[in-house]
Amino acid sequence: MSAETHIHTAADTNATHPHGDTEGCITCPLCPHVCRLRTGETGFCRARANVDGTIRAVNYGRLTALALDPIEKKPLYHFHPESFILSVGSFGCNLACPFCQNAGIAMADDSTPTEHVAPARLAALADDLRHQPRGNLGVAFTYNEPLVGYEYIMDSAPLLHAAGLSVVLVTNGTISAEPLAQLLPHVDAMNIDLKAWRTDTYRRLGGDLETVKGTIARAVRSGVHVEVTTLIIPAMNDSAEDMDEEARWLAALSPDLPLHISRYFPRHRMSTPPTPIVTIDKLTAIARQHLRHVHRGNC
């Protein structure tokens, strides 16, 4: 694997090693932003930085949230239903959604208070919880965008699997093809946000529709259990035509692919009134023409 595209080996921990350019910048290859960073600079995600000529995940092992949640809260309705899962989050995100539901940590940076939990300790915590009354399925990397802490997942997942625990990601799916290919063998289930069906809408959020579609398709084809969530926001992504196209595309991957159509509430920098329930009902009915498992959320 070349230095430009190299993401992770067991010896790297929280580092990537791309080449520098003639201006002294190095490029983070993790996601489509491909941030070019001088020494000391942090990328778009606020979680990855050029530290002395090496791209490092400055949020490595630094948790802002930890809870034992019902698996349905992720939401995952068709992956070990009625079980509980240890859910952990850090800080940072490689999108800039004005309606972010977890802005307090997703939009936070290196200055946010955290507790360091090494991969071995995380696996031990998860294993201990498995023997408690509610049990524990594994670990869900969630709350902020877990992919910006890619190396932490890659180091934790083998330990979790060795203990017989599942690895779950709740993600926006914004990751480049090569690191995704390295990641998928270590993941059991994903809920992937498909935030809109229009390229220009994704661009305004700092993302790329085709990248997310590629993540969904590759994850499904790799055998990972995948469920998709679309948060419906009035006048942004609530058209019947868009939902029909989205559901048709998902059904072409598998008509059994679960889709969660969730109701928006004002958060972060967006004050648009909540999505009318009638809109959720209408879009759910459209999606059910193509998909077998369509669920309303936040209603």
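Each residue, glycine too, has its Cβ placed from N, Cα and C.
TrEMBL entries are annotated by machine, without manual review.
According to TrEMBL, the features are:
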BINDING   Cys93, Cys97, Cys100  [4Fe-4S] cluster binding site
DOMAIN    78-299  domain 'Radical SAM core'
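Take the mean position of the Cβ atoms of Cys93, Cys97, Cys100, the recorded [4Fe-4S] cluster site; other residues of that chain with a Cβ within 8 Å of it are Leu95, Ala96, Phe99, Gln101, Asn102, Ala103, Ala106, Met107, Glu145, Asn172, Leu205, His268. Other Cβ atoms within 10 Å of the Cβ of Cys100 ([4Fe-4S] cluster binding site), summed over all protein chains shown, number 20. Within the model, the domain 'Radical SAM core' (78-299) carries an average pLDDT of 97.
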